[in-house]
Amino acid sequence: MIRIASLLLGAALLCAQGAFARRVVSGQKVCFADVKHPCYKMAYFHELSSRVSFQEARLACESEGGVLLSLENEAEQKLIESMLQNLTKPGTGISDGDFWIGLLRSGDGQTSGACPDLYQWSDGSSSQFRNWYTDEPSCGSEKCVVMYHQPTANPGLGGPYLYQWNDDRCNMKHNYICKYEPEIHPTEPAEKPYLTNQPEETHENVVVTEAGIIPNLIYVIIPTIPLLLLILVALGTCCFQMLHKSKGRSKTSPNQSTLWISKSTRKESGMEV
């Protein structure tokens, strides 16, 4: 019984640890509780031979109901950066490797003035947000766009080659990032969250749930109190009976206690043999 309880407690701790220590995993779709946020997937390939071209990345995302990443604003750019940072934490084995995003150039604009204006999002987004690296886009034969991810490379004129954008030839092989519509799952109504800006609420109204091991142990211990009392009563009864028997054995007959046998020879006076 004790072993089963230990296993259950260990499983609960592992689940809690998994909930608070979640990290981005390559190839895993990441969604958020807020249904307004899209879902994303970082497709990273450790082997260079497994990386794909722009068109292959685009088709891979579309085959799963998504699109190659479009970025609407700086906030979304920062979100992707934080996800890539979690993806490349020490010990994951993930290092350098740029990521295709869904920006590409239409037309054959060769002049530096017209070239940046010819880039459009492949999913039809009208976002004008750009995060080009210094002196990019270089145009020419480079029409598709990657997000730099080269943490071990020496910094260039624009700083580290991290998260800024660079145009590249569309047949080059890179990783890619997919973007999906928010996933909506039917759930039971959750408890109403408290609002910190309501002055009429007291601190007692803020606490709506209990968490941790101690509150859970209380719910386990309370039902066992009657059983513990029963065990204590049984032990007390057994001890009383054993003590009563031991006292009975220690008492002996008064006649037996006065009997003894002398080992010395008694000499009778006045008797001759």
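The backbone N, Cα and C atoms fix where each Cβ goes, glycine too.
Feature annotation from Swiss-Prot assigns domain 'C-type lectin' to 35-179.
Under the heading N-linked glycosylation site, Swiss-Prot lists Asn86, citing sequence analysis as support. A helical conformation is recorded for Asn86 (N-linked glycosylation site) in the three-state DSSP classification.
Under the heading region 'Disordered', Swiss-Prot lists 247-273.
Annotated signal peptide per Swiss-Prot: 1-21, in sequence order.
The topological domain 'Extracellular' annotation in Swiss-Prot covers 22-216 and rests on sequence analysis.
For 238-273, the entry in Swiss-Prot reads topological domain 'Cytoplasmic', with the evidence type sequence analysis.
Residues annotated as transmembrane segment in Swiss-Prot, with sequence analysis given as evidence: 217-237.
When Cβ atoms from all protein chains are considered, those within 10 Å of Asn86 (N-linked glycosylation site) total 15, not counting its own.
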